[in-house]
Structure formats: structure tokens, C-alpha cells
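Colleague: The transmembrane segment annotation in TrEMBL covers 25-44, 95-120, 132-152, 158-176, 188-211, 231-250, 281-299, 311-332, 348-371, 383-406, 412-433, 507-527.
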Amino acid sequence: MTVLECFRELVWLLRRGFPMSATEFFYTLMMPTTLAFCGSLGTIDMDAAGLAISVYQLTVENCATSVRWGLMPFLAQTMGGTKKYRVGNFVQRGLLAGLLFTCVNWAVALNTGNLLILLGQDPVISAKSEQFLIILMPGCLAMNLCEALIAYTDTVGYLWPTLVIRCVSLLVNILLQYSLVLRGGFGIVGSAAALSFSLAICPLMQAVFIWCLNIHRYTWAGWSARAFMDWGKFLFTVLPCLLTQTLWIFGTEYGNFLAGLMGAAEIAAESVVFQLNQLGYLIPIGIGSALIARIGFYLGSQQAEKAIRVVATSLTFMACIGAFVGTVFYLLRHQVPKIFSLEPAAEAIYISLAPYLSFYTAFQLAAYPSIAALRACSYHMHLLFMNFIAYYIVSMPLGVSLAFAAGWQLSGLWLGFVLGSFTFFALPSLYLLRLDWRQKALDAHANAEMETDMELLNERQPLMLAAAATSAATAGNLHPAGASAMASYQLSASVSQRQRNAVRSKLPVLAAAVALLIGSLFLRLLLPPRGPTAPAGHHGNGTASTTVGPVPVVRTTTMAMASAMATRLWT
């Protein structure tokens, strides 16, 4: 492992990581800009839109991101093998998984109002939030499908068109928000329609871009019933990603809720701290996606030494970046409150939290290469347990105890966050040090090459079956997984029979998804959100008054960012 080789790997990661991070940055801007336009409608509509987008992020974004992270290791490892046409089958599975998650998301959207009322939110705001999410339902479907396509384009290395698509989507959203909300007078309905349309055009443009550039010519053999097969391994990867993402979100965002119990100054300072952390978190997202693609390719092509090299290079680089970003946050601790126009009490609290933010961000950035490496190795269940230990066994009990029992307030809470972030940095790093990379490369290569189900037209026989037909000696040296695949292939029925069995086995899942949607629709019709109706003519000045629920659920990180933007736009 020479310095020149490490430098080349670093250059490759930066060339891949920068457009991915920029893509996420432009997508992240869509929600605050939407809420900023809703700020012109008044407090009620802005709170309703903020609450709806918070539900959207906890459900739709969570599911879509899980499909992406779960899909990328399969794509990358298959790209490292010889049967690259299997990539198309995994993409089809990702699209099907996105459709299933969309059914769940729509079921939640149809009954969001009653769920929010049960959580103590104001009935008027809850009803408006449900209306916003119902209009956003096409965007929910688009988001789930788009992330599967982005996982594919990221793996094959076409990154800049995806960045352009996100930029176009953001510009379309801004133009539609201006036209429908400010000029057209459609209020929160127009804002939801603008956001939904902006999200809906993303997968369409992504598909057109893939088709026009003919990216799929080496990795796509057409739609196949084979996409319905071998779902056990796929769901065992996607579902832990979903749980890990959910645990991480609740393990960090609950700080906003606890800060709301302490006072107005505390929640203002907490919101600014999380805004800065979210901006810093955009840096490793691109590096992580590039790492999954690179490590998965090396493992699939049995190049364990190169996988070790890229992991070591990324760990060193991101540790330096984390230290740099943390230092910048600390040095700017007196300037940041002025940017957000914090009151003196909130400013003092933020300055006291700046050291904790610096260490928290540094550990978070340094941990991301290890997290991406474990994802590339398909160790998603391991990450789930590590996440739970870090944020729910270490961070939450310690932080809450110090914040309330010891009376340290936000300083105690953030000390728990720092220790949780350090734990989530240490556990994956230690696991990587003990990982047998050569054995993992053999397993990944076997998974990329062997066929446990129906073959494509240009892959008439499994790799191991062809070897068995030539000599018994070669068959004796098969990988155990390959031998099992060969036996199951020889005992299986015809191709058409396997196709029918595969589709038939998924019919109960389809029926359950349809039943869930129908049941949610009937529940929505029978039990609509009940509460006082919104005041007539509520537009522009936001003078109507309601009693907001006692729990500040709407005060998420995105809501805080939008509040700062709306203050500068409309006051």
C-alpha cells in the first residue's frame, strides 16, 4: 500500500463523492424553501406544512433511503463480477420494494390527521398537515422510485446528470411555489402541489437520462419475473437499513423535543446546533455512497487488498475533515448566533454548546467511512445493533439523566450525544479491524457469480453447473454456496414453472398492500380528523389564533431552518 496508490483512491473518492454530496444538498434545500414560502401564509399554515414535512421525512425519506442503502451493496458486488446483467434484476427488486413502501407511506398519509391529534397536536394544524400529505402522495411514490434509480446510477458512475436533475427539481419547486402560493393564492394546497410535482419529475428525468445515454445496455436485460425471486436476502438487507435509519433519526431529533420542555431560549439554541450539524452531515454522504460502490466492486472482483486500502484512506481523510469541521464550528461560536439573530439568552446557550457540537460532528464524520464499509459488506444487522447501543444504551440514558436529574440542561444532553457519537465511531472501526477481508471477498464473489434461481437468456446455466458438466474434479472444488445452487437448480422445475411460482408467491404480499390501502381509506372516510375548522380567509397575515398542542413536535431541524429563512423573507 503505497502513498501514491492511497492518493489515487482519495482522488477517486473525491471525484465521486463531491457530486453525490452536492446532489443531497440541493435535495435538502427543497423542504426549507417550501416551508419558507409557507411562511407568507401565516403561523398556522407554516406549522401545518412543517409538521407534514416532518412526517414525510420520518416515513417516506426513511423508506427511500433504506432502499438505496440496501440496494447499493448488491449492485456494487455484482458489478465486480462477470454477470453484470444481474444488476438490472436488483434494480427491479429495488423498484418493487419502493412500491411496497409507498403503500405503507400512503396508508400513513391518509390518516396523518388522527395520528397527530393522538400525539397532542392542534386539530386545525393536524387536518391541514393531512391535506398537505395527501396532495404529496404522488411525490412519495416518486421519491421511493427515484432513490432506487439513483443507487443504480451512482454504482455505474454516472453522477453529474443526477446532480443536474436535483437542481432542476429545486428550481421548478421555487418557481411553482412562487406562482401558486404568492401569485395564485392557492395557499398550502398550492405549496403541496408544487412540492409534489417537483418530486414527481425526478424519477421521470432519471429514467429518461438512463435511457438516452444508454447506460443500461450492459446491465439490463429487460423486465423479468426473476425480480420476484430471492427476496429473503434482499429484505434482510433493506429492513435493517430502515430500522437503523429510524433509530438514528429518533436518537438525535428527540433533543429538539426535550429542549422544548426546557424553554424558548433552549429550543432556539438547540435548533441552530442541529442546523449546523445537518450541514456538516452533508459532507460524508457522498463519500459514503462512493465508498459503498468502490468497496463492493473490489469485493465482488476478489481484490481484498484494494478494499483494505480504500477503507484506510477514507478513514484517515474523513478523520482529518471531521477535526477541521469541528474546529471551524468552535472558532465561529460567537459569529453563528448573529447569523440566526438569536436573542442574548439563546446566544449564551449556543456558545456553551459549541464545544460539544465540535466533538459530536468530528466523531460523526470520522465514523462514516466505517459505516459505509460495513454497508458495502452487507453487515446491516451489525450496524443496527451498534446504532442501538450507541444512541439508546449510551447516549439517551446518560444525556437525559445529566440534563434533568443532574440539572445540566442542554450541556448534559449534548454530553450524552457526544459519547453516543464516539461509541458509534468506535464500534464499527473496531469491527473493521477484526474483519477477514479475504474471506469476505470470496463470499461476495460467490454471491455475485452463483445463481440460485432462474437464469437470464445469456446465462443459461449457473457458473458452477457449467463447471460440473466438464469434470467431476472441478465440481469437487465448488464453493459451498455454489454447490447448493447447483443442486437446487438441477432439482428445479422448468423456467416457466419457476416464473409462475415466483409471481404466485408474492401475490399475498400484493394483496396485503392493497388491503392496507383500502383499510386506510375506509378509516379515513369513517373517522376524519375532528376539531375546529380553520378560519375563513386565512391567508397572508396569519392573524387567526389556535391553541397549539403542548408537545412541540413540529420543531424539527428542517422546521428550524425554514423559520430562519421565512423570518428574513416575510418580516
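Each residue, glycine too, has its Cβ placed from N, Cα and C.
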Colleague: May I ask whether the transmembrane segment (132-152) has at least three C-beta pairs under 8 Å with the transmembrane segment (95-120), counting pairs 6 or more apart in sequence?
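Modeller: Per Cβ check, the transmembrane segment (95-120) touches the transmembrane segment (132-152).
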Colleague: Counting CB pairs under 8 Å, which listed stretch among 188-211, 231-250, 281-299, 383-406 touches the transmembrane segment (348-371) the most?
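Modeller: Against the transmembrane segment (348-371), the leading stretch is 281-299.
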Colleague: Can you find at least 3 Cβ pairs under 8 Å between the transmembrane segment (132-152) and the transmembrane segment (188-211), where each pair is 6 or more residues apart in sequence?
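Modeller: Yes, the transmembrane segment (132-152) contacts the transmembrane segment (188-211).
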Colleague: Ranking 158-176, 188-211, 383-406 by the number of C-beta pairs under 8 Å to the transmembrane segment (231-250), which range is first?
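Modeller: Between the stretches 158-176, 188-211, 383-406, 383-406 has the largest tally.
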Colleague: With Cβ-Cβ distances below 8 Å as the criterion, list the same-chain residues six or more beyond the ends of the transmembrane segment (158-176) that contact it, or say none.
Modeller: 16, 19-20, 22-23, 26-27, 29-30, 33-34, 150, 190, 193-195, 197-199, 201-202, 205-206, 209-210, 213, 215
